[in-house]
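Not my notes, these are from TrEMBL:
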- 1-18: signal peptide (SIGNAL)
- 75-394: domain 'Peptidase A1' (DOMAIN)
- ASP93: active site (ACT_SITE)
- CYS271-CYS275: disulfide bond (DISULFID)
- ASP280: active site (ACT_SITE)
- CYS316-CYS353: disulfide bond (DISULFID)
Amino acid sequence: MNLLPAVVLTFMLASICGTSVLSIPLSRVNRYIGKYRNAPSPLRPFRIYARAPKTTETAGKKRDLKLSNFKDSIYYGSITIGTPGQTFNVVLDTGSSLTWVPSSHSLSEDTNGKYRRYNNASSSTYGNKRKKFVIEYSLGKIAGLWGTETITVAGLKVKKQHFGEAMTNSGLFKDADVDGVLGLGFRNKDEDPTIFENMLSQGVMSAPVFSFYLNGGYRTNSHARDSVLTLGGTNPDLHMGNFTFVDLTAPNQWTFKMDKVQLSNGAATFCRPGCEALVDSGSSIISGPVRDVNILNKKLGAVILPGSNDLYALDCSQMDNLPDVEFILNGRKLSLTSRDYVLRVDGFEKPVCVSGFMGRQGTEDDQARWVLGNTFMRAYYTQFDQGNMRIGFAKAKHE
């Protein structure tokens, strides 16, 4: 499980510049730049999973979870853990299968008292698995104990859910109002069922589908809709037209075969003759092979930001003259305009416009893959259909 480029972008900019279908609202926080002088090392994305339904009389409805948006970098929602419920803000991550929150027995310092901490002694439904875990990120690692609990997401209650109590936490999410992670990715064979799998097997949700609508970006205005995670289906009010579907190419990741990536002016084409792409709600930007992304950014007229190896700045006054970036999926064209892929950051003497494309680090396979993060998902309402092992994209409806 890797941590999100969304956070990386935020920190690096700071350093350089100074049963139901359940919809869970994702809260949005204004664009974030921060005031750090020492940028952490880049993080990498997360992954997620699900299973087949067992229907009950309460299954069949969709549920929405409202999501908060932290500076167009991280989208998170509120869940409760335990009986009585203890509330936590978690990143809803399709790149990860694991769920964890900070423990009240944490050994990590938290001088600001920012993190909410789970207290197992206060819950009547806690189960101790007596197994330790360590999860490493580029920015550090977390370690703790596995347990089981009742976890409620957008009113859907899941019993005996496997989760982690983090005893040590090296400052992940230290500047966002985020406590932990809820994994929506696929698990490995030796891992316990994910929360999405248990929603289905316990009959609180009938359809093995969830969907994301993300607000924010350059188009944001005071009338913007809330960001939302819909559990158990999709919301037709949040997208336009039909879905373009792509089949998953791996049984344990939200990955698919992409035909190619190209600029609308014909200046460059990438990902030929096809490549693997991952949809990751835990990543703030779009990342791809370093060489390809460097060429793409230069074709857009972007220049490398001083002090950075992979962040590119664009001339804000040229926004309307930039070409679209086109992603070809199953022969269909999904286009991002400059209003979609340029991240405008205010709070300086003049606005800073940053490219939403960044080169990928990691293993050879990691570097060859394209990751479609929140920059892409803001433009396209995204349906994760575990039942049919596919992902669907439809143009998001922004007011």
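Each residue's number is its place along the chain shown, starting with 1.
Cβ atoms here come from the backbone N, Cα and C positions, even for glycine.
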By CA distance, which of the recorded positions (CYS271, CYS275, ASP280, CYS316, CYS353) lies nearest to ASP93 (active site)?
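In terms of Cα distance, ASP93 (active site) lies closest to ASP280.
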What are the non-local neighbours of CYS316 (disulfide bond), defined as same-chain residues 6+ apart in sequence with CB under 8 A from its CB?
ARG344, LYS350, PRO351, VAL352, CYS353
Enumerate same-chain residues with a sequence separation of six or more from CYS271 (disulfide bond) and a Cβ-Cβ distance below 8 A; give 'none' if the list is empty.
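Expected: MET258, ASP259, LYS260, VAL261, GLY288, ASP292, TRP370.
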Identify which of the active-site residues ASP93, ASP280 has its Cβ surrounded by the largest number of other Cβ atoms within 10 Å, counting every protein chain shown.
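Of ASP93, ASP280, the one with the most crowded Cβ is ASP280.
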For a quick check of understanding: among the disulfide-bonded residues CYS275, CYS353, which residue's Cβ has the most other Cβ atoms within 10 Å?
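Compared across CYS275, CYS353, the most Cβ atoms within 10 Å surround CYS353.
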